[in-house]
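Notes to accompany the following structure.
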Amino acid sequence: MQNSLPTQTYQSQLNEKTERLQKMMAPFNAPNVEVFSSPEQHYRMRAEFRIWHEQDALYHIMFDQETKQRIRVDQFPVASQLINQMMVALLAEIKDKPTLRHKLFQIDYLSTLSNKIIVSLLYHKKIDETWQQEATALRQTLIAQGFDVQLIGRAYKTKIMLDNDFVDEVLPVAGQQMIYRQVENSFTQPNAQVNIKMLEWALSVTENSTGDLLELYCGNGNFSLALARNFKRVLATEIAKPSVHAAQYNIAMNHIDNVKIIRMSAEDFTQAMNGVREFKRLEGINLQDYQCETIFVDPPRSGLDEKTVELVKNYSRILYISCNPQTLCQNLETLIKTHKISKLALFDQFPYTHHMECGVLLEKR
């Protein structure tokens, strides 16, 4: 599976997901599913591998989820071509360098469509200046081979970055080039081509919007920055510090002046909106000034908690992106009492797996 993909089954697995999603949504009177496919291979922009040492040899491995057996991975067609090229080049360079290979147990890759890559080397040992010198030489060698690479070393309570711990992605979204800073070890959408389709779908279903947009869990601003052109103003919340910093950078780089990011959890924001308590982080922002008629949510796999469901149902339109249709359905049992589903989409973020990413637009009855 890891060294080859059953590309001949791509369409049939997508059809099966489409039928499954349509059945799940039938109790909620959902319209027909709009389907957005993925490239059949080289679609995943990040990958993590354990490293196996066998005498002088060194190779990437993964573990079979059922048998737990290790699988040697020399090529990984799931991942971007850039990751595949780097996998080969990197191991060729470090296998003869004891400082770089000793107790190396994992390598993480994060690549972009803009042809940049971050490589994180994880060790079960202390890494120091000697490691840094060797890693710097390694990076220069890889740059000379044509790679635009950031190299990071990680060990217990240690992180050494040779230059930056981020890369800037450029995505073409509905005729505009959007710049997104992606930070190592922070969440980014794994399938860039499908992410573009998700952003364009969200833009199309919110065309001719009135009022402002509220977004919970905004990450690096992936959706809020793309959607800013459809709304007067956007107010977005995010809890993770690196993501908030990346979002602020992305706002500046994309010359967007109508988006405000607040660092707080969806739960705290719910309390602030309901006037339960005041928060220092909201100083200078009067929530009453915003006329948010649309709310956008892209929650974790667990879905929206009860209090957030109570918050979102107050909005005329709810745009909900879900990476777990089961928890979406649980939330819909409440939301369907006040709203109807006007749009339904399936995004094949994770081909050849049972995972489904979907989007619904709910409008007040």
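Positions of Cβ are set from backbone N, Cα and C atoms, glycine also.
Here the structure is a predicted model, which means the values were calculated and not measured.
Record check, Swiss-Prot: S-adenosyl-L-methionine site residues include GLN189, TYR217, ASN222, GLU238, and the candidate from ASP148, ASP289, ASP298 also listed there is ASP298. GLU238 (S-adenosyl-L-methionine binding site) falls within a strand when secondary structure is assigned with DSSP.
Whole-number maximum of the Cα to Cα distances across the S-adenosyl-L-methionine-binding residues GLN189, TYR217, ASN222, GLU238, ASP298: 16 angstrom. Using CA atoms as reference points, the recorded positions TYR217, ASP298, CYS323 were checked against GLU357 (active site, proton acceptor), and the closest is CYS323. Annotation note: GLU357 (active site, proton acceptor) sits in a strand segment as assigned by DSSP. When the Cα atoms are compared, ASN222 (S-adenosyl-L-methionine binding site) and CYS323 (active site, nucleophile) turn out to be 15 Å apart.
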